[in-house]
Amino acid sequence: MMMPELVVALDYPESEQAVAMAARLQGSCPWVKVGLELYTAAGPDILRRLKDMGFSVFLDLKFFDIPNTVRGAVRSSVCAGADMVNIHLLGGARMAQAAVQGLQEGCECKGLAAPPVLLGVTVLTSMAQQDLPAGLDLPLDSVVDVLARSGREWGLNGVVCSGYEVESIKKSCGTDYICLTPGIRPAAADDDQRRTMTPQQAARAGSDYLVVGRPVTGAADPAGAAYSIMESVRQA
């Protein structure tokens, strides 16, 4: 079993809280995630601050717009320092290919030899079968598989998906196709997520990155919680 990397979600309404938590996490995890709430409040400067602290940054904004807008947004994200970005695969081929172009342009802007990771969002882990739009008759896992295979064809590096779909995605898209799994919970509680897994389950399924938020950031010792999660994966 390959060891996945831990990504801690900094889901805060302003930058100082996020930076304070990041300071407590230094040395315990390689990645942090900046989502819509924090990025809207803090802007691109939060990426610089986190990278100056030694973290790789997953900018989780799930771009979904007309192709030219997404191209520019991805380019700007890379220029701002994002190491991983994502788009909604439901945006289709032209939007995804524009995102790939924006990624390349961002690399030129930053002088990067290796491009950041570009992922496609399949179906949110907060959704279950009954949450899919009326008229979409495919089983949820089939929707995920179709979107994942499309992302591969369009030039993306991988997908954001629940742990339940990782094994089938790896089979249909190849073991080098990255699977980043949110909704990771050390215990049974699922909060606002539906399709959750423990770190051990997701690692055994083949996830490459595990996104954990409140179980780490809400702990009395966040760094200790991060270490414990990864130790549980090593022993799985």
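Glycine is no exception: its Cβ is also placed from the backbone N, Cα and C atoms.
Here is what Swiss-Prot records for this protein:
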- LYS62: active site, proton donor (ACT_SITE)
- ASP11, LYS33, 60-69, THR125, ARG185, GLN193, 213-214: substrate binding site (BINDING)
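Counting every protein chain shown, the number of other Cβ atoms lying within 10 Å of the Cβ of LEU61 (substrate binding site) is 17. Proximity of the residue listed as 'active site, proton donor' to non-local residues of its own chain (separation of 6 or more, Cβ distance below 8 Å) is seen for LEU36, ASN86, ILE87, HIS88, VAL121, given in sequence order. GLY213 (substrate binding site) counts 20 other C-beta atoms within 10 Å of its own C-beta, drawing on all protein chains shown. The Cβ of PHE64 (substrate binding site) lies under 8 Å from the Cβ of VAL70, ILE87, HIS88, LEU90, GLY91, MET95, each on the same chain and at least six residues away in sequence.
In the three-state DSSP scheme, the residue listed as 'active site, proton donor' is classed as strand.
Look at PRO67 (substrate binding site): DSSP puts it in a helix.
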